[in-house]
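Taken from TrEMBL as is:
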{"type": "ACT_SITE", "residues": "His224", "note": "active site, proton donor"}
{"type": "ACT_SITE", "residues": "Glu359", "note": "active site, proton acceptor"}
{"type": "BINDING", "residues": "Asn93, Arg94, His224, Ala225, Tyr226, Asp294", "note": "beta-D-galactose binding site"}
{"type": "SIGNAL", "residues": "1-24", "note": "signal peptide"}
Amino acid sequence: MARAALVLPAALLLCLALADRADAARKMVGVYELKNKKGDFSIKVTNWGATLMSVIVPDSKGNLADVVLGYDTIAEYVNGSSYFGALVGRVANRVAKGRFVLDGKAYRLYINDGKNALHGGHRGFSKVIWTVKEYVPDCDSPYITFYYHSFDGEQVSADDDELTLHLFESHRIVLHMLTLKSSAGFPGDLDVYVTYQLYSPYDLSLHMNATALNKATPVNLVNHAYWNLGGHGSGDVLGHLIQVLASQYTPVDQSMIPTGKVAGVAGTPYDLRRLTPVGARINLASGGGAVGYDLNYAVAVHGQGEFTQVAFVRDPASGRAFELWANQPGVQLYTSNWLKDEKGKGGKVYQKYGALCLETQAFPDAVNHPNFPSEIVRPGGVYRHDMLFKFSS
């Protein structure tokens with residue numbers, strides 16, 4: 001599959017055409033800003049992948065900086081493979097061997113990570129166009145809501161998929177995707193919504209919900225923002241202080257699939273219950289053949305938890321910090337172990353340990369581990385995932 005990398009001004013709208021064999025529908029992809037009344041706290045998002053593109057917050061001296069990694073153009077998000085800021089689904093993280101059994105029926109998923117399915121497969125929620133349902137930028141708590149309808153059997157085969165970018169009218173891109181329904185893929189139709197909203201003084205909330213319309217299905221939605229509180233591209237985050245409020249984690253094998261055990265963090269490099277420099281024990285942590293943190297912490301082992309604080313991160317140099325609150329049973333800590341020479345916003349080049357991700361979630365591969373909290377949503381049932389970032393300096 002050939003892909004053309006195009007660099008265009010970020011402020012331009014991109015016209016993308018989605019077509020299957022029967023008909024075509026046009027959707028616009030744009031960039032949307034939310035800003036507080038004071039003007040010192042703002043975010044930008046796009047309906048390509050319901051992606052969080054920037055978060056600008058002040059430091060202890062009032063200096064503003066963008067604290068998430070990302071790209072300058074939508075074309076780079078289309079071609080990117082790091083999931084910068086993306087809304088990942090239908091099932092984020094890994095599904096072992098790309099298959100599972102639900103209610104006696106076996107389902108196969110697209111394999112895109114060794115022998116496993118990762119982040120919804122080849123064309124997950126991060127690689128589709130969402131509909132802008134509401135955009136209310138001019139109020140005390142500005143917000144935007146995106147909507148996506150995920151169809152029964154949604155899955156793209158590498159043999160049946162083509163993705164080409166064509167430049168036309170000098171400043172626009174057409175993205176053409178041939179998406180075929182098949183017996184493989186996730187079961188059932190799913191209506192999905194995500195809302196980004198700002199609150200005073202410096203709070204960012206994400207509300208995700210998904211309704212299963214006609215079949216039981218696994219659902220695990222994740223926001224994949226990469227955080228560097230010193231400012232994106234400012235160096236590594238090894239000096240950031242982190243606290244993860246979890247006493248257990250889910251060990252994994254060499255392919256990053258959970259073993260099924262839930263183990264205590266005490267006495268391991270993964271014990272971050274006290275405020276700890278990210279780099280203090282990072283050389284003792286590993287996953288998938290890379291040195292660094294990439295694991296799921298068990299915040300609640302008996303199911304979806306109450307809305308509670310999950311983690312705290314602070315950059316001593318800038319004074320910026322955030323508390324993370326959520327209602328999910330797990331949180332994935334990832335320290336950008338695989339980033340290398342990734343060209344980002346403003347000409348910055350991102351490297352290993354250049355950011356950290358805190359992805360509240362269901363346990364990885366939960367659909368294949370009956371002892372894990374269930375991620376199955378039954379017909380008529382609603383999946384709910386709430387996150388809150390409380391910034392300070």
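Positions of Cβ are set from backbone N, Cα and C atoms, glycine also.
On the structure: features taken from TrEMBL.
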residue	record	CB count, 10 Å
Asn93	beta-D-galactose binding site	26
Arg94	beta-D-galactose binding site	23
His224	active site, proton donor	21
Ala225	beta-D-galactose binding site	26
Tyr226	beta-D-galactose binding site	27
Asp294	beta-D-galactose binding site	20
Glu359	active site, proton acceptor	24
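Note: the Cα of Tyr226 (beta-D-galactose binding site) and the Cα of Glu359 (active site, proton acceptor) are spaced 10 Å from each other. When the C-alpha distances from Glu359 (active site, proton acceptor) to the recorded positions Asn93, His224, Asp294 are tabulated, the minimum falls on His224.
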